[in-house]
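Per Swiss-Prot, the features are as follows:
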type	residues	note
BINDING	23, 80, 133, 490	(6S)-5-formyl-5,6,7,8-tetrahydrofolate binding site
BINDING	239, 258, 260, 263	K(+) binding site
BINDING	239-244, 258-264, 283-286, 393-395	GTP binding site
BINDING	243, 264	Mg(2+) binding site
COMPBIAS	366-382	compositional bias 'Low complexity'
DOMAIN	229-412	domain 'TrmE-type G'
REGION	366-388	region 'Disordered'
C-alpha cells in the first residue's frame, strides 16, 4: 500500500440520508471521470448527470464535481460523485469507481486509473497534510470539529482549522530560530570580538519567548479542556439522591428514581456542558455492604469508575446526616476513598436534600477514624486542605449553580476571551516539553562560557517539540496514530 496510489471511499456518514458522497483522489483522474460520467467535466463546476454501470444501466442521478490538483482538498486531482444517500446506491457507485479504474481507457487502451484502491481511515486528510495543504494541527482540528460535543468546542476547532493555533506556534518557532541563529553565530565565530548574544539582548529575547510560550500553553490547556472535558462520578450511600442529581444536571429523566434503596445497579452516564466544557457525568450504584450478587457487581464497577474519573461527587444525605448509622457508613466510604482513589482524583462533598432540612448544615467531610496507632495524632500532622463542598437540592435545583462553578474550578477552566483554539493533550505535552527546554536554555545562558553548546542543544530540542505540533518534525508512527482515528472517506 503506497501513499501515491489513487484512492476512493464513501465520504458521507454511514446510514441513510438525503445526499451521499463518493470521493476519489489521485493523479490524472480525467479518464476515470470520463468513464464514470460519460463526458468530460469542467473543473470546479457541478454537473448534473446520470451515473451508469458498465452496461449503461442507470445507478442514480446526481452531481459530479472535478477539482484538478493542486487546487483541491488533498492537493491531488479529486472527483466527487454526489448521489442520493442510500447505502446500496453508494456501494454501487463505489464498486463502479473501482471497476472503471481497472477498465480500459478507449483513448489509450490502458486502465483508466491503475492501482485504484479503497482509502484507509483519514487517508484523504493525510494526503492533504503530506501535500502541504494543511499542517498537522489543522488536520487534527478537522477530526475535532467532526467530534465536537459542544458549540464552544466546534467553534474552537474551526479556529484551529483556519490556522489560528498553528500561527501561534509558527510565531514561537520564528522567535526561537532567531535566537538559535545568534547562538550558532557565537559558536561558529568564537574569535570575533563582537558578543552576538549580548549585543542582540539574547537574554531578553529568551525571556520574551518564554512568556509568549507560557501564554500559548495556557490557552492550549483551555483548548484541550474544551475538546476532552472531564469525567465526573457521583458516588455515595444508597438513596442519597445520586440519580436525582444526574437527572438535575442533565435536565432530563435519565436514571430511575424511587424511594427503594439500591435502584441503580449499573453505571448510567450522560455528557453535559458547562460554559462549553463537556462533562461526562456518571451515576453509580450506592455504596454499601450487600448480599445481592448483582448489586455487588454494580458496586465494584462504581469503584472502578471512580478510580478512572477526574472528580468524584461524594453525595451526602442531609436528611439522614445526624443518624449514627449513616455517619458511620459515610466514614467507612471516606476511608475507602482515601485507600482506593489514585492521587489527582478530586473529591467534592455534595450535601443533598437541602429542601428536607430546616436550616443549612455546617459543611464538613465525614470523619474517617484512623486504622493504626502508628498514625501520628492530628496535632502532629499538617491540616489537610479543605475539600470543595456545596449544599443543594437535586429536587428543586437550589444550589446547582454553585456545584457547576466548583466543577469548572476543579476542571481548571478559566473564563477566556473569544478566540480560543481547540488543542489536544499531545499539543499541551509538546508545549510543556518546549518550556522545560527553554528553562534549561535560560540556565545555560546565565552560565555562559563553555555552556554555549548545551544552550544550542536545548534550543534545538525546544524547536523540535514545537515543530511536532504542526508536523514539521514528526515520526511516521505518530502520523499513523493520528490519521487512523479519522473516519473512512475523510
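The first residue you see is number 1, and the count goes up from there.
Yeah, the Cβs are placed from backbone N, Cα and C, and that goes for glycine too.
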Candidates 23, 80, 133, 285, 394 (binding-site residues) with Cα within 10 Å of residue 243 (Mg(2+) binding site): 285, 394
Three-class DSSP secondary structure - residue 133 ((6S)-5-formyl-5,6,7,8-tetrahydrofolate binding site): coil
Top Cα neighbour of residue 239 (K(+) binding site) in the set of binding-site residues 80, 285, 394: 285
Other CB atoms within 10 A, centred on residue 80 ((6S)-5-formyl-5,6,7,8-tetrahydrofolate binding site): 19
DSSP three-state assignment (helix, strand or coil) for residue 239 (K(+) binding site): coil
Other CB atoms within 10 A, centred on residue 239 (K(+) binding site): 21
Three-class DSSP secondary structure - residue 80 ((6S)-5-formyl-5,6,7,8-tetrahydrofolate binding site): strand
Using Cα positions only, nearest of the binding-site residues to residue 285 (GTP binding site) (23, 80, 133): 23
Neighbour count (Cβ, 10 Å) for residue 133 ((6S)-5-formyl-5,6,7,8-tetrahydrofolate binding site): 19
CB within-chain contacts under 8 A for residue 23 ((6S)-5-formyl-5,6,7,8-tetrahydrofolate binding site), separation at least 6: 8, 9, 10, 11, 78, 79, 80, 81, 119, 124, 489
Sequence-distant neighbours of residue 394 (GTP binding site) in its chain (C-beta under 8 A, six or more apart): 241, 244, 245, 247, 248, 352, 353, 400
Across the domain 'TrmE-type G' (229-412), average pLDDT on the 0 to 100 scale: 82
Cα-to-Cα gap, residue 242 (GTP binding site) vs residue 133 ((6S)-5-formyl-5,6,7,8-tetrahydrofolate binding site), nearest whole Å: 49
